[in-house]
């Protein structure tokens, strides 16, 4: 094969955190993440999505350029980066940024101090992203920043983590930690932290921040690597080869050896980011790295344009396009800069840093990838250069995209973006023409990291008509893509129609009619009508400023300009005013937090930082998958059903024999005990399907292999043989379940009581709404750490299992039953969980049990880390439901009776679905309905069993209540806020609806919260301002909404154990598990307070002596489940009971010792206690009294949103929350819970779609299709006040829960969106001259962009233009 193949195999040399690695035999398919996690001690790089979509695996990659003696630093996804591609590079992980041994970096200290880490799984990736931003900003020649700051700007700081996902915090504290480094930050804008108190001067604040010296910002490229520099490695391992050609000739030689029609023979690589989208099920024989071929990695610029090599990364292309050049500022420069701006929204920074321009276009050409780049480059006449053998060919990008898929032996060498030159020769002078260029994309996230529903780019040359008041469009190039088409296209018919036309409303209307016939998504594309309407909207936005409109319509602001330039500037300014800033340069997040800390129970009540936050930031915190694999360890993966109800006849594998590295398959026949995957008091679920798979996603078998990669590949290659003969059709909807009487039972003690008499209430009503319907879908947990477990066989027929679970006790019991072992032979250990949200309450149990069964059978350690796709398919998620309601109400909006029929889709197994009616009704009672009647059924369907998800049933009920209130207000044409207010509970009605749980009158704080929030947020004034805004803006509308929450929670029995060691340090065990909710932190504070009651010297700082240790089911029993928002306070009470016992024992000793000495300190007291054999360990089981077993939480939120009528995009401009935490055990922890829950609620109401195919198999199975909130989708202004409502006799030190209730307040965003939509609809109705009623208008959940645009009117632009044409004729 020529020169390259004859080269001897070389070594791969690189560094990780300064440590040298030299490898000779490397499987070329090995990713950097696999190597780091399996071959090094550095576990901060986390696998979360495996697609480059979450940022948990981000590392800093540094390359040295000896020619200019400079180091280039940039982030990459280690889950996609192939190990062989890092030859000569230095890798920095979070441990390399800072660690407990060498000292934490200021980034890590500030993340901890700003309370920016909860579960901590995402935190190392966040820290590395910010570290990269600091390193690169401080290399610039910007002015010297103030002492303690970097050269980073606030905007850059916020954007530095735009591609990183967090499911816990709500992002606000993370943004603050990042902004604390920015040179232009206002210290007043930085939120609650553990460094300073409100009111202190900036000087004092700065002195207390962990110091940062920007001169020391460096990735510290190792000197030894500079001597190892070479072009690239040529490696071989077990028949696989990695080639790094350094010339086109070598590349041509390699390509000639490609086997025809052999898809697995060769893979061309630059950044390997394409595998994040197109998953690879098999390896390749040869990998060819293009990065070292000069022609492919060069950028050339001249007056004719910019030529970019195909292997140039997107980030480098952006930088080159933004650099100052001698181009005509009105033409080439402007085009290049806007292309660069748009390219910054492609994926995320760490993908752009390694993904190449050519790779993106090749995916678009060969695989129909919905590329943004292809569209924007198509609009400017881009050329492509292709090499096939010795032949070089230059094509237009349009021809390239339209041709058959590029042959494997062909390579894209470069692209050429021309510097635009005027094509119009017959205008009087060059100055009378103007070039316009704009790019557009509609995507779920403003800053990228999401595929577009549709993208577009338009280039046009215009000139002024002779009277200088009207515009002629000389010619234009209109490109559209990503809308459900094979590739980006030019709308040539529209271009031809518009060429030479004087722009007016009728011309634009005709152009749009033509466009509608062109932009037609292919069958199977989601939201096809929406995508077509986007094309219309973008063309309208581009051309409408140029349209000549009569003064009556345009407010007369376009006359009096003598040049195209002046006229255009005026019209474009009007465009800005009407459409708003469509490409925001910065997030500009702001926030205010009001908390009330307390010294009464020091240190309880103080906002101390979360336990373990710094080691979470450095990546040293150990999660289950970070535990080093024991020797001889195997890895497992589930084989699951893709059919909803089918007999399993057998399992085979594609390509015949057992895949590489596979040891065997475990199935139901290998279970030594009972076939159970989870066991609770509410029911059981089998571990594996026994003959018949009951649903798509049902576990069939467990494949065991040498590595997790081999296990996952084998599971993907499994082919299940199904048989459906003599089986009834599956039940796939609640309607079918009702028809076939398929229900799960709700125990009578869990079914709530009705309130009042519905018939009497309806008789009192002046109006009624009968049999209105609502529908709600599901939501996926998206914990950053997927389900994982490690099972290790032990001596004497025992087994130790490490599980990421919220329910160690239930997991322990299930494993024992499944293995047929006595309980004392099983030990279940859980240290921390990387996010749970209810998804690791029961759904984690089968994962641990499967590992235990395999380990027990094979007598080898077995572990599993579910890949994100499998996790999403099996998770079940939140309960979907269908609701029918009838409501009676007075003319003033006071509701007198409500009846609800609710069909809940529970899936195939019981799980915890039986709690749903009680949870739902707890929230449904939040308004005084007069009478409340309901019939709630749990429908058993052939779908994965639904499980508890944060605020299970309650968030759905919050939507139902507000939808009913909205419907009543709309029917009566009343202000919806007044209807909410009139239906709030009085204390008397609260007692009627909640009976014994209502508490004392002073505890009912909702009315005062309701009024206080209106005042503190200027609610009424802003409502008037919004009305004014809506009157003056056609294409943007705003809405505002205030909603309450009344949320019932219950306490459960919880154990605790406190032991004091000889040196005075304290070890605590509790039944609760640390999920990120700050349970350990609150328990530490309570322990310190409880033991301080002994009243001796040195107890003020006891909190530093306390360590809470992992849950161990053989050490502390009866741990139950960590769920329901109250485990932290119950654990605190259990610990307090232990401390009371210990204090009693120590006080007797102290009093004897004080007879001999004047004073005694803690250490002396404990040493004496040891010497005199005082029992320094105490256990307890807290059992809540009847009077305190259940209580109500109160809060309210106001949200203001703005919707874009052209795209359906909703921006949450501001949210204000007041939430009653009683006397908070830790206001910083509770604040994090409130913000995080609220943002997760925004995901449910606005973003997260969890669809399935017709068989019930989940189709949104990764970060490409499932969109959780990101830093650019949270409220721009986020204000939270934690109300300290004083003493509550029956609470734990007067505290109240914060984990779940705030989630329900996110319905305020949905309601505000509905208000904005109604304003939009009024406007559209006025244009069409019709009279329509919106009283029955519903807004689906989630209210995604397609939903919002559809509700505003997909044809709003057409109606506006028709109205404009009519009015134009009328003015002539």
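Every residue number used here counts from 1 along the chain in the order it is shown.
Here the Cβ of each residue, glycine as well, is placed from N, Cα and C on the backbone.
These figures come from a predicted structure and were not determined experimentally.
Look at TrEMBL and you will find 10-97 tagged as domain '2Fe-2S ferredoxin-type'. Residues annotated as [2Fe-2S] cluster 1 binding site in TrEMBL: 49, 54, 57, 79. Annotation source TrEMBL lists [2Fe-2S] cluster 2 binding site at 119, 122, 166, 168. Taken from TrEMBL, the feature domain 'FAD-binding PCMH-type' applies to 235-422. Under the heading FAD binding site, TrEMBL lists 356, 357, 358, 359, 360, 372, 412, 441. Residues or ranges marked as Mo-molybdopterin binding site in TrEMBL: 806, 837, 950, 1124. The annotation active site, proton acceptor is assigned in TrEMBL to 1300.
Residue 168 ([2Fe-2S] cluster 2 binding site) and the residue listed as 'active site, proton acceptor' have their C-alpha atoms 12 Å apart, to the nearest angstrom. The C-beta environment of residue 356 (FAD binding site), restricted to residues of the same chain at least 6 apart in sequence and closer than 8 Å, consists of 270, 271, 290, 310, 311, 312, 313, 314. Same-chain neighbours of the [2Fe-2S] cluster 2 site beyond 119, 122, 166, 168, judged by a C-beta within 8 angstroms of the site's C-beta center, are, in sequence order, 117, 118, 120, 121, 123, 165, 167, 169, 784, 834, 835, 1076.
On a Cα basis, residue 54 ([2Fe-2S] cluster 1 binding site) lies 8 Å away from residue 166 ([2Fe-2S] cluster 2 binding site). Closest to residue 360 (FAD binding site) in space, going by CA atoms and restricting to the recorded positions 79, 119, 837, 950, 1300, is 79. Note: the Mo-molybdopterin site is recorded as 806, 837, 950, 1124; in the same chain, 836, 838, 839, 841, 948, 949, 1075, 1122, 1123, 1125, 1299, 1300 also have Cβ atoms within 8 Å of that site's Cβ centroid. Ranking the binding-site residues 79, 168 by the number of CB atoms within 10 A of their own CB puts 168 at the top. The closest partner of residue 372 (FAD binding site) among the recorded positions, by CA position, is 54; the full candidate set was 54, 57, 950, 1300. Between the CA atoms of residue 837 (Mo-molybdopterin binding site) and the residue listed as 'active site, proton acceptor' there is a gap of 9 Å, rounded to the nearest whole number. Counting only the Cα atoms, the space from residue 359 (FAD binding site) to the residue listed as 'active site, proton acceptor' is about 44 angstrom. On a Cα basis, residue 950 (Mo-molybdopterin binding site) lies 6 Å away from the residue listed as 'active site, proton acceptor'. All protein chains included, residue 360 (FAD binding site) registers 27 other Cβ atoms within 10 Å of its own Cβ. If you compare every pair of Cα atoms in 806, 837, 950, 1124, the residues listed for Mo-molybdopterin, the longest distance is 12 angstrom. Taking the C-alpha atom of residue 119 ([2Fe-2S] cluster 2 binding site) as reference, the shortest distance to any of the binding-site residues 79, 412, 441, 950, 1124 belongs to 950. The number of other Cβ atoms within 10 Å of the Cβ belonging to residue 49 ([2Fe-2S] cluster 1 binding site), over all protein chains shown, comes to 25.
Checked against residue 806 (Mo-molybdopterin binding site) by C-alpha proximity, the binding-site residues 57, 357, 358 yield 57 as the nearest.
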